[in-house]
Protein chains: 2
Amino acid sequence: MMHLAAFMFTPGSHSAGWRHPEAVPECDMDFRQYAHIAQVAESGKLDAVFFQDTVAVNGSASLDGAGPYRPRQGRTAYLEPTTLLSALAIVTQRIGLIATATTTYNEPYNLARRFASIDHISNGRAGWNLVTSQIEDEAGNFGADHHMAHAERYERAEEFFDVMAALWDSFGDGALIRDKDSGIYVDTAKVHLQNHRGKHFAVRGPLNIARCPQGRPIVTQAGSSGPGMELAARTADLVFTAQSDLGEAQAFYADLKARAAKHGRNPDHVKIMPGLMTIIGATEEEAQARYRELQGLLADENSMRLLARLCGDLDIFAYPPDAPLPPLPLSNAAQARQRHLVEKAKRENLSIIQVARYLATSLGHHLLVGTPATIADTMEQWVKAGACDGFTLLSPYYPAPLERFVAQVVPELQRRGLFRTEYAGTTLRDHLGLPVPPNRYEM
Amino acid sequence: MMHLAAFMFTPGSHSAGWRHPEAVPECDMDFRQYAHIAQVAESGKLDAVFFQDTVAVNGSASLDGAGPYRPRQGRTAYLEPTTLLSALAIVTQRIGLIATATTTYNEPYNLARRFASIDHISNGRAGWNLVTSQIEDEAGNFGADHHMAHAERYERAEEFFDVMAALWDSFGDGALIRDKDSGIYVDTAKVHLQNHRGKHFAVRGPLNIARCPQGRPIVTQAGSSGPGMELAARTADLVFTAQSDLGEAQAFYADLKARAAKHGRNPDHVKIMPGLMTIIGATEEEAQARYRELQGLLADENSMRLLARLCGDLDIFAYPPDAPLPPLPLSNAAQARQRHLVEKAKRENLSIIQVARYLATSLGHHLLVGTPATIADTMEQWVKAGACDGFTLLSPYYPAPLERFVAQVVPELQRRGLFRTEYAGTTLRDHLGLPVPPNRYEM
C-alpha cells in the first residue's frame, strides 16, 4: 500500500499554472477554496494535505527601499498554514493536516503549543513539516541582515526538534484529573518539566497543554542534503524529497532507511514520499496537449528568476540561456535541490533555460505526463522497486488537476490494490501506520 | 447601546468554579466545549469572545528541577488561542473572535500573519489582545532567566504594535490582480515594504498576505498602568480593564478617552469594557445562595497563591491572614491590578485572606450577585454614568453561567434598549461601530 499527500502551494506548483483557464487563483486567499481542495483530497482517501510556507514575499531581499519591487508573479500571498489547519480540521473528518513552520524564526514553546492544539482540535490529524528557512528574503523580516549559515540552521533545527518533542511529553496521560470532590485538578506527578539548556534554547517547560491524541504530531522533513538527511533519519516520520530518477531515488531511499536504523529506529517508521506532479489525459496525446498548453503559459523571465535563487552567488543571467548549466557554487539555500537539478541537467544534457523551465514547471520535482494507467504504472514501479513509500502530489494549479487525480488515478491505484479504498483509522498516525510514541518521562 | 464580550478563561475565572456540580471542566481541552460556549455567546448577540493566554503553566518558575511541582489547581492546560480562533470561525457566523498574544515572546511578522489569516478565514471577525507577559513563569520558556522589566516590556510592545500595524498595510486593496491574460499576478505598485529599523525590531516586509477584511484586526489592550494606558490610548480599539468602583471607573474612562483624543483619535473609537462577573438568581436569595455555594468551594491556600503573585518581593505568607493588607512593593507583573486591589482593600477594610478570596472569585474583577433586573440596573447605571462602553463578562465556570446570562440578562438589557437584538453588520468592527482604517501607504 502506498501513501499519498497533496502538496499545497497556492495558486499552484507550476509557476504559470494559475493562468490556465481552469485555474482558480483565488485559492491563494479564499478559505472556501482551501476547504474544497482539502475535501477533494479527503474524498480520494489521501493520507494528508501538506502546506508549504515561507515567512516572506519572495524577491523582497533584493531591495532596500529602492524600487522597483518585483515579486515573482504567482505565489505571493496566502493564508498562514497553522491557522489554516485548524479551520480545515472542522471541515474535514479524516485526512491528515500538515503545515510547514520554520525552526529558524520561531520559538519551540510557541510552535509546540500550536501544533499540539491543532492535534487536539483535529482529533489526532496534525503534522509539522520541520524546515530551516532557505531564502534571504526571510532573514530581513526577523532582524537579520543576512541569512543564518546552512550548518548553523541545521544545528538549531536539531535542538529545536528535541525541545519540541520533550515539550509534547509535558503531560502524562491522565494528568488532568479534574476531581471536583478533592479539588485536585491536575496530578502534579504526571506533569513534567523539561529544564532544557542548550546552545540555542533554554526552555523550562512544561507546555501548558495536555498530551496530543497522537502522542505527538507527525513530524515531516524535506531536507535532503547531508545534514538534512541526518535530521530526517533521526526525527522524521515522513520525508518529502525531490527525486526524478529511479536509480537515484532507490539510493536515497536505501541511504535514509539505513541512517534511520543507525539511529535505533524502525526504518518502516520513516515514510519516504518524493514529490510528483502529474499531467493527466484520457490518451497520451491529450496529456501531452495539456502539458504543451501549460508550458505555453510560462514566461522565461520568471523561470530564470526561480533558477537564480538556486545559484548562490553566481549570476546566471550573465550566461546565454542556451548554454549548458555552468557549475554552481554551493548555495546557502536548498542544497539538495540544487544538486538534484545539476545532476538532472548533466544526465539529460539540458541548457540553462531548459533547467529554468523544468524548475518552473514542477518546482524541480518529478513530472509524469500520461494516462491514468501509465502514471499508475510508474508509481507502482517506484514503490515496488524500493524507491519510495508513496508520493507527495504537486498540482500545477487548483483545483482541477487534483480533482482529476482523485477521479482517475486513485481508482486505478485502488484497482491494483496499491491504495486504500477507505480510511482504516482516524488519525494521521493511523493512516501512515505509525505507532503512538511512549511518553519519555513515563517509560 | 452597550458592548459585551465573553471572557474565555477555561475552566473558569472563579478559581474553584470548576468544582461546581454544573461545571464542565473538560472545556479546558475539548474543542466541542469551546464551540458550544462561542455559539452560546453568539446566540446572545455578544460582540465577541475574548481568550486570555499565558505562555507557561503557572507556578513553574518556583522550581529548577527540584520538586514538588505545584501548579495552581484549576487553569493549567488549554487550547492555544490563535489556532482555536480559526476553528471557532468555522462553527460561528457573526461573533467577533479575540485572542491574547504576548508581545514579549513573539515576533511581529509571525503574529501579524496569523491574525490577518484569522481575519480572512472569519470574514472580518478577528481581534488581537496585545499584552506584555506578566509572570516569571513565562520567561523560563524563552531562554530568559528573569522577566523583562515593566518599562522595557511596554517599550517593546509599543514598537511591536507599530510593526504589526504597518505590516497589515503591506497589500493595497486590489493588489492581487491575478490577470491570466497578461500573466500579471500582483500589482507591485500596491505592495508596500516596511523597512522598519527600531530598537527592538528590524522588519523589511511586506507581509505575505492580502489586506484583511477589517483593514486590520481589532486591537485590544488590558494594561491599565500608566504605560499601559498610554499604549491603549494610542493603539487600542477595545480596552479590558479591572474596575469595581463607579467613581474610579468614571475617572479611568475620562482619563483614557482624553488620552486618546490627545493622540489625535476619536475617543468614541476606543471602547472601554471593564471585566464583570455576574452570579444570577431568580431572586436575591437564590443569587446569594449561589454565591455562597461557590465560595464554599474555595481553598484558602490556592487563593493565597493567587494573591502572592501580585505581591512582588513581599512574602505575603509571612503575615497573619486576618491582618490588613500590608503596603505592597511595586510588582513587575500586573501593576494596575495590584493598585486596584490595594485601593479596594483600603476602601472596604479587607483583610489579607479576604483580598485573596476576592481575587480567587473574579480574578480581581467587578462582581455582581443579584437578579437579572438588579444586574441590568448596575450595568445600565455604569454605561449611562460614563464609566464604560460595555462589559467583558467573566464566567466563574462553563458553560451554565454564560448560558444563564444570555437567557436572562441579555433579554432584560434588550427590553431596556441597551443591547442589540440582532447583529447589524458582519465584522467585529461593525459590531463595535469602528471604521475600517485607511491603508497608511495609500492615503
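In case you wondered, yes, glycine gets a Cβ from its N, Cα and C as well.
With B:D53, B:H150, B:Y154, B:S224, B:S225 listed by TrEMBL as binding FMN, the candidate from B:T10, B:T100, B:T104 annotated for that site turns out to be B:T100.
Within the model, the domain 'Luciferase-like' (B:9-387) shows a mean pLDDT value of 92, rounded to a whole number. In this structure, the binding-site residues B:T100, B:S225 were compared by how many other Cβ atoms lie within 10 Å of their Cβ, and the smallest count belongs to B:S225. Every protein chain shown contributes to the tally, and the Cβ of B:D53 (FMN binding site) ends up with 20 other Cβ atoms within 10 Å.
Long-range C-beta contacts of B:S224 (FMN binding site), restricted to its own chain and to partners at least six residues apart, with a cutoff below 8 Å, comprise B:A232, B:V239, B:T241, B:A242, B:F252, B:A336, B:R337, B:H340. Neighbours of B:Y154 (FMN binding site), defined as other CB atoms within 10 A of its CB across all chains, total 20. Under DSSP, B:Y154 (FMN binding site) is assigned to a helix (H, G or I) in the three-state scheme.
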